[in-house]
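One structure is given below, encoded as structure tokens.
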């Protein structure tokens, strides 16, 4: 192959023609735009002006926090709250004439005819986060996006989807599921390209792209930008993107460049003028340096030392002044008069929208696809009513209707029919919405392709059969006959209709709750409190006739009152009669006591139907009004004064940091200074075996599929230098790091199979040994605690990882590390999450690195450490890593997508992987250049060597011809390396000849490097401090802990206060005692709001061997228990003192005690299920079933349970607490009147005092004994939770 043939692999390609219809051309004109954060009055972007004609590709460049994303958002009108802006932004429709001119390229013909110019102007926006459905394949995602955004024929849409798949290099993964953290699918780069495709499919005139190349390898990034350039040139589209690290050939594809630094414009003009402009002010781009990297370095402020910061800030100020002068004297912006006379288009009109019923059709089809591909949710959907119906039927199994207790049980089972199933569905559907559906809706709503009403209607249609109809039918079919209700078809189907409408109402309530807040802890609070009020108004717990007047009206707006009342009327009207006088029928008397009319059928059914529709209507209105937006970053003000410490002798802090690490008088450091570890991988293979249940009915229930991830990888990684693993997306780079660091985890449906050897200095080690001496920086930063600041995160990590140092030494090292990583400017900013914006993605990456750098390990693994970072920050991070290698002899291995050319030359060894994990090369950069030159692949001048090699090893799937030629090239390179390995006799050493470390010899040699966990007391104290800080800052967590329990007490007080001493008050006291079981659910919900984030952070710390399970568990309890105790005291104030139960010290403290214990048991159950399952939707479903069964078995609902169920009740805390509360509620000295009912024939009262009630209902218990037992039950719950966590992490390891 000649140099001419291979010289420019990236550009010698066959061009595709995309079948997009013509679009109107749009130009963008901005004048004096300034963007200010309204909360802090901080200027985020200062005086930005430009003219961008149609057919242009513009890039906004700059370091992290320079205002790139903010500028894009304002230009696209994506941020309204939290920001104010001055200046003008105008979109102008350019006059292109009715026919294309001769210079324009010819267009493809669709459906055999030439399409006219599209009338509707469309704008698209690619956000920084990829919001995709994990259970759709790549092709399905694009197909549904096309169906939602294009009003074209099926053939046209299919053609465009296939062309985009090829153009974006997604052909190899077109039928792969997108996946998520739990179920791996597409790589990060593939997801990014797919997101670009979902926006491009709408055929936009103007498109904004926020970091489109983040996570892409250099070759994929180049092809994506090349596609944008082609679309701009051919169709006159306008593309505006923010970009971190454009390779040099990407830079020269751009038409216009804007460089920002700290919100100030450093340059904003045509790309052709960029280099001459900087040369004119004295800055010449050095040879063999990417101009983009040079310009970003030039305009960045280096905050790693005071001296550097002052110098670079001064240079930046000079650059800004130069640009203002140039803009005023040389830049020729179009006159305002021209813009004013042109046709201006409002951005609100630049959205795509199908007719309503087409939206509904597409969304329904997608929902069906998603629902039936989610096996776990589908199974639980049908299992839940089956289990809960069976157990509920067993609890209330055919009660004796001739006794008072039996009739009370019958009433309770009717209440359970209306409330139980629909409440469980409310919780489940709320979580399913928060976890899966609403994020996709928010993205599509922001794009203008979906309306709230279409979303709600489509979702309801798709879930109607499986959820509303099937779940209700299963539940009613089981419970109706087990309850021993009348075998009448009309009554059976009427009960089905009532329960069906109740579940429909709860479905609407869940939609309303999520419309109010996308955060589950808030949405569940809305749903829970609403449902609690509605269940209180149903008339079962507190008699609807005698409710306090100020809440009596609630029954008329409570669908539960209508549903419970109509079932009571259907069951008891003219029933249990012993005489012809209907008024004396026991059933009619019960209806009279509860205040429901006889034969009350039609009206409540109609009202129920109205409520079921009404909740959805209110939810739709809130969704229309409440478009989700992200708030501006929050800053936590430090209480301490900021003391700037000057570096002695002007030494840079990162050098001081490195000196501190090993020059302190620490025995570990002195020993470790000279340890050098050469890592050798021999014949590493990795494959994953997928077991897909129910995927192919013909082949059986399970379908097995094997995927090769790594194949015979042999590599050497040397100490004292950075070793890089390079390759295109999907080549197994991250998988190799996970394998050698012992972080591969098999699941039920995906088993990893590995083989090969890992050597330390030619002696074989196990994965566990490797893990003990290495630190691993993962690609994912989601485990960071959102409520902590940067400084706090590193401070707490240092306290646990550097426990051999004094506090002053730890603080100094933390401060130095913050400066070294360039985080000084945001050290007091919170980390943030998807709901509250904190630091940028690049800054999160550096925080994660900082935590691991504190460990000071001999081996450091980093997965994509520069992904999402600007070139200046990337260079800074790699400079820090290089110093660690050089001065401390560490072995550092990184995976990297787009290394700068000057950094690539400084790498130690490079492992180049092709797709499917096959080795293309392993050696030094100089050896690499020489090797590929021998193969005939000479790197052209002014080309980044790393980019060139990545281009060589990448397969271009944009069209068949490109694919054939690129695959042949890749196969040739792979075959050549295999032959080279064989010739050099580098085959692996036979297993029998390998030296292997024993466990003892390894720990003897590397004992000073094996991380020793912090002692229990220290880890406990640090965990308490950290969790206290996160709880204090997180309003949601605090409210979940403190507000929900007293909130219930307030509601109970509203409905029950004052509890009287008459016949009706008996059922009210029973109801109030039964309502205390709701605290079981509150404990679980509090756990769901607080525990998962703490758990995820703890798992990372545990994997790093920082501390054990006990400190985390005890610290969590230390914060949880006092807050629960405080909430329980407030609860008792409302339920005992306000409601008017016996106001004695014994009753008050017994209520505090019982409510505290029940809440703690709910928390413990939450810990158990959150440990078993990491998927919260499944957790909610499982735990809700357990809790519901527990509350139904409390002993106050069903008064005649079987002996087996009574046996289960021994470990049911609410079984004990309900009995304690009811015995204190009916003391022997409580005198009852019977003017309103309950008189014997001789005129005496059936229940003269509290003891009579307890005896009659069989509720007399030894309260002292029960008070002792429930402590034991609570302790048993906690111990079970602890041992389940221990089993997960230490014993079984699932």
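Every residue, even glycine, has its Cβ placed from backbone N, Cα and C.
Per Swiss-Prot, the features are as follows:
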TOPO_DOM  1-375  topological domain 'Extracellular'
CARBOHYD  41  N-linked glycosylation site
CARBOHYD  86  N-linked glycosylation site
CARBOHYD  101  N-linked glycosylation site
CARBOHYD  151  N-linked glycosylation site
CARBOHYD  341  N-linked glycosylation site
CARBOHYD  349  N-linked glycosylation site
CARBOHYD  371  N-linked glycosylation site
TRANSMEM  376-396  transmembrane segment
TOPO_DOM  397-495  topological domain 'Cytoplasmic'
TRANSMEM  496-516  transmembrane segment
TOPO_DOM  517-530  topological domain 'Extracellular'
CARBOHYD  528  N-linked glycosylation site
TRANSMEM  531-551  transmembrane segment
TOPO_DOM  552-604  topological domain 'Cytoplasmic'
TRANSMEM  605-625  transmembrane segment
TOPO_DOM  626-1038  topological domain 'Extracellular'
BINDING   727, 728, 729, 730, 731, 732, 733, 734  ATP 2 binding site
CARBOHYD  983  N-linked glycosylation site
TRANSMEM  1039-1059  transmembrane segment
TOPO_DOM  1060-1120  topological domain 'Cytoplasmic'
TRANSMEM  1121-1141  transmembrane segment
TOPO_DOM  1142-1266  topological domain 'Extracellular'
TRANSMEM  1267-1287  transmembrane segment
TOPO_DOM  1288-1294  topological domain 'Cytoplasmic'
(Q) Within its own chain, what residues at least 6 apart in sequence put their Cβ under 8 Å from the Cβ of residue 528 (N-linked glycosylation site), listed in sequence order? (A) 427, 1044, 1081, 1082, 1085
Q) Short question: which residues 6 or more past the ends of the transmembrane segment (1267-1287) have a Cβ under 8 Å from it? A) 1109-1110, 1113, 1117, 1150, 1153-1154, 1157, 1160-1161, 1164-1165, 1167-1168, 1171-1172, 1211, 1213, 1216-1217, 1220
(Q) Around the ATP 2 site formed by 727, 728, 729, 730, 731, 732, 733, 734, list the extra residues of the same chain whose Cβ is within 8 Å of the site's Cβ centroid. (A) 187, 217, 895, 913, 915, 917
Q. Which value does the mean pLDDT take for the topological domain 'Extracellular' (517-530) in this predicted structure?
A. 81
Q) For the topological domain 'Cytoplasmic' (552-604), what does DSSP give as the number of helix, strand and coil residues? A) 34 helix, 0 strand, 19 coil
Q: Any chance you could find the range in 496-516, 1039-1059, 1121-1141 with the most Cβ pairs under 8 Å to the transmembrane segment (605-625)?
A: 496-516
Q | Stretch with greatest number of CB pairs under 8 Å, the transmembrane segment (1039-1059) reference, 376-396, 496-516, 1121-1141 candidates | A | 1121-1141
Q: Could you say whether, by DSSP, residue 86 (N-linked glycosylation site) belongs to a helix, a strand or a coil region?
A: strand
**Q.** From glycosylation sites 86, 151, 371, the one whose Cα lies nearest residue 732 (ATP 2 binding site)
**A.** 371
Q. In angstrom units, rounded to an integer, how far apart are the Cα atoms of residue 729 (ATP 2 binding site) and residue 371 (N-linked glycosylation site)?
A. 29
Q. What same-chain residues, at least 6 away in sequence, bring their CB to under 8 Å of the CB of residue 728 (ATP 2 binding site)?
A. 189, 217, 219, 220, 914, 915, 950, 953, 954, 955
Q: Starting from the Cβ of residue 733 (ATP 2 binding site), draw a 10 Å sphere and report how many other Cβ atoms land inside it.
A: 27
Q) How many whole Å apart are the CA atoms of residue 730 (ATP 2 binding site) and residue 86 (N-linked glycosylation site)? A) 45
Q. Which of the three DSSP-derived classes (helix, strand, coil) applies to residue 730 (ATP 2 binding site)?
A. coil
Q. DSSP three-state call for residue 151 (N-linked glycosylation site): helix, strand or coil?
A. coil
Q: Take the C-alpha atoms of residue 731 (ATP 2 binding site) and residue 983 (N-linked glycosylation site) and report the distance between them in angstrom, rounded.
A: 25
**Q.** Positions whose Cβ lies under 8 angstroms from the topological domain 'Extracellular' (517-530), at least six residues beyond its ends
**A.** 426-427, 430-431, 433-435, 438-439, 442, 509-510, 628, 835, 1036-1037, 1039-1040, 1043-1044, 1047, 1051, 1081-1082, 1085, 1088-1089, 1176
Q. In the topological domain 'Cytoplasmic' (397-495), how many residues does DSSP call helix, how many strand, and how many coil?
A. 82 helix, 0 strand, 17 coil
Q: Please give the sequence-distant neighbours of the topological domain 'Cytoplasmic' (1288-1294): residues at least 6 beyond its ends with Cβ less than 8 Å from one of its Cβ atoms.
A: 1099, 1102, 1109, 1171-1172
Q) Counting distance between Cα atoms, which of the glycosylation sites 86, 151, 371 is nearest residue 734 (ATP 2 binding site)? A) 371
Q: Would you mind checking how many other C-beta atoms are within 10 angstroms of the C-beta on residue 732 (ATP 2 binding site)?
A: 26
